[in-house]
Amino acid sequence: MQQVNTNHARNEEAATVKVWDLFIRCFHWSMVLGCVTAFISGEMHAAAIHEFVGYALCVLLAARVYWGFKGSEYARFRSFIFPLGEVLAYARAMFKGHPKHYYGHNPAGALMVFALIGLLALIFASGLLTLGTIDFGGPLAFLANLVSDETSYASRHLHEILPNVGLVLVLLHVLGVAVGSIQHNENLVRAMLTGKKKSLSLTSSTSQNDK
């Protein structure tokens with residue numbers, strides 16, 4: 001029995017590929033926790049917590065951008081930059097229920113990654129500008145006498161609106177993960193915990209058997 005269990009474990013190991021490195025997994029779940037905390041603290045007007053978490057998320061995002069150029073294969077931005085034709089082809093296949101399987105980010109997931117990174121950068125920038133020009137704090141406090149009141153309050157308004165846009169993107173991301181998990185018969189949430197995904201050969205075999 002022990003031999004059977006050992007062989008089964010080895011077969012499972014051989015059927016998976018290490019995709020997400022430790023940094024990516026820690027970044028992903030830290031960002032989830034941080035964004036939830038930032039959103040709640042913002043709604044509760046807990047300024048000290050909101051500011052601290054905001055700085056922490058800024059550091060996290062900067063580290064992710066660095067890792068996008070210097071990290072492991074599937075963490076690098078170049079590994080999930082797709083031509084428009086491939087993005088459209090993936091979208092069509094996804095709606096038909098048989099999208100191509102990718103080890104790293106698929107074209108839809110890649111678009112979401114870049115959209116979230118861009119949105120987070122705008123949220124952080126507007127937050128820092130608001131902190132500096134309205135609350136006279138943070139690294140941009142020197143701009144308080146250089147920026148007009150209209151710009152300051154526009155920045156604050158933007159900082160209040162953008163998280164709601166982010167919430168919509170996150171819901172779309174969760175939906176995409178759920179759909180992808182079903183279509184590829186693979187637990188993508190677990191993959192972001194373990195770092196391992198199905199091998200393409202196993203996925204192709206499963207797809208053939210499902211037809």
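Every residue, even glycine, has its Cβ placed from backbone N, Cα and C.
No curator has checked TrEMBL annotations; they are predicted automatically.
Keep in mind that this is a model prediction, so the values were computed, not measured.
Straight from TrEMBL, the features:
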DOMAIN    19-195  domain 'Cytochrome b561 bacterial/Ni-hydrogenase'
TRANSMEM  22-40  transmembrane segment
TRANSMEM  52-69  transmembrane segment
TRANSMEM  107-129  transmembrane segment
TRANSMEM  161-182  transmembrane segment
Cβ-based contact of the transmembrane segment (161-182) with the transmembrane segment (52-69), 3 or more pairs under 8 Å: no
Non-local residues, at least 6 beyond the ends, that sit with Cβ under 8 Å of the transmembrane segment (107-129): 54, 57-58, 61, 64-65, 80-82, 86-87, 90-91, 94, 138-140, 143, 147, 151-152, 155-156, 158-159, 162-163, 165-166, 169-170, 172-173, 176, 180
Same-chain residues at least 6 beyond the ends of the transmembrane segment (22-40) whose Cβ lies under 8 Å from its Cβ atoms: 49-50, 53-54, 56-57, 60-61, 63-64, 67, 71-72, 74-75, 163, 166-167, 170, 192-193, 195
